[in-house]
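S.K.: OK, Swiss-Prot features for this one:
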- M1: N-acetylmethionine (MOD_RES)
- 39-81: repeat 'ARM' (REPEAT)
- T137: phosphothreonine (MOD_RES)
- S189: phosphoserine (MOD_RES)
- 239-261: region 'Disordered' (REGION)
- S246: phosphoserine (MOD_RES)
- 246-255: compositional bias 'Basic and acidic residues' (COMPBIAS)
- S260: phosphoserine (MOD_RES)
- S267: phosphoserine (MOD_RES)
Amino acid sequence: MNSSTSTMSEEPDALSVVNQLRDLAADPLNRRAIVQDQGCLPGLILSMDHPNPPVVHSALLALRYLAECRANREKMKGELGMMLSLQNVIQKTTTPGETKLLASEIYDILQSSNMADGDSFNEMNSRRRKAQFFLGTTNKRAKTVVLHIDGLDDTSRRNLCEEALLKIKGVISFTFQMAVQRCVVRIRSDLKAEALASAIASTKVMKAQQVVKSESGEEMLVPFQDTPVEVEQNTELPDYLPEDESPTKEQDKAVSRVGSHPEGGASWLSTAANFLSRSFYW
């Protein structure tokens, strides 16, 4: 990297910047503004080619959040280097399995954004088969677990929950639905949902139940056993940002920081984007 020591001492490192963008992208109210910003999306694309695996994984989580907004998908797909970088992550032999699955999921979403149903289905199946080939037989198809989390009632609790989930080996991505205290988690098929519950229980302030549908289609809450489950730690991921560094500490501030006030709010995104652009060439 060609950033000088003095520059790095005055500015946050690449991982911190990507983590902050990921945190902002976790809030649905921020997603359009981030994608419309001229520098953030290119910065995240550059992040996918970063030599530090945690930077790549965090950037993919941010992109996964952004892709949940349908209005963002066409622009994301057309952004220079987006699809090629996702392919590179999927095909690189040194990429961790969870990161490959996450990149494949984003690729599927963007690739199907403007295709006919039949073409979309065929392309997604082809992409999944290719991803599975590179993942190997131990990482079979991912599954989705919906959790109702008692105590998930503010941003600080969400950050605690994120920290716990990010440490679990086998977690691919997750999305919070704060209004109904839920978290939708994509995990490897060989990871048990009980591991998620144990990790959330380790926060001491939250408890998870699984949301399932009955035969009649009604949703039911199924409690997990109180017996702790041994969780395999994901040692490749970094410690989560401390609360005082998180730009989403308060929702209204996060929104204004993104785009409500051009002279103040958008400047943080511009600073972050400029830093990413300067730092990710090596």
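Keep in mind that glycine also has a Cβ here, set from the backbone N, Cα and C atoms.
Source: prediction; values computed, not measured.
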S.K.: Near the Cβ of S189 (phosphoserine), how many other Cβ atoms are there if near means within 10 Å?
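M.R.: A count of 11.
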S.K.: Tally of helix, strand and coil residues over the repeat 'ARM' (39-81) according to DSSP?
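M.R.: Counts, helix then strand then coil: 32 helix, 0 strand, 11 coil.
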S.K.: Per DSSP, S189 (phosphoserine) is which: helix, strand or coil?
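M.R.: Its secondary structure by DSSP: coil.
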S.K.: Could you tell me the mean pLDDT over the repeat 'ARM' (39-81), as a whole number?
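M.R.: Per the prediction, mean pLDDT sits at 92 for the repeat 'ARM' (39-81).
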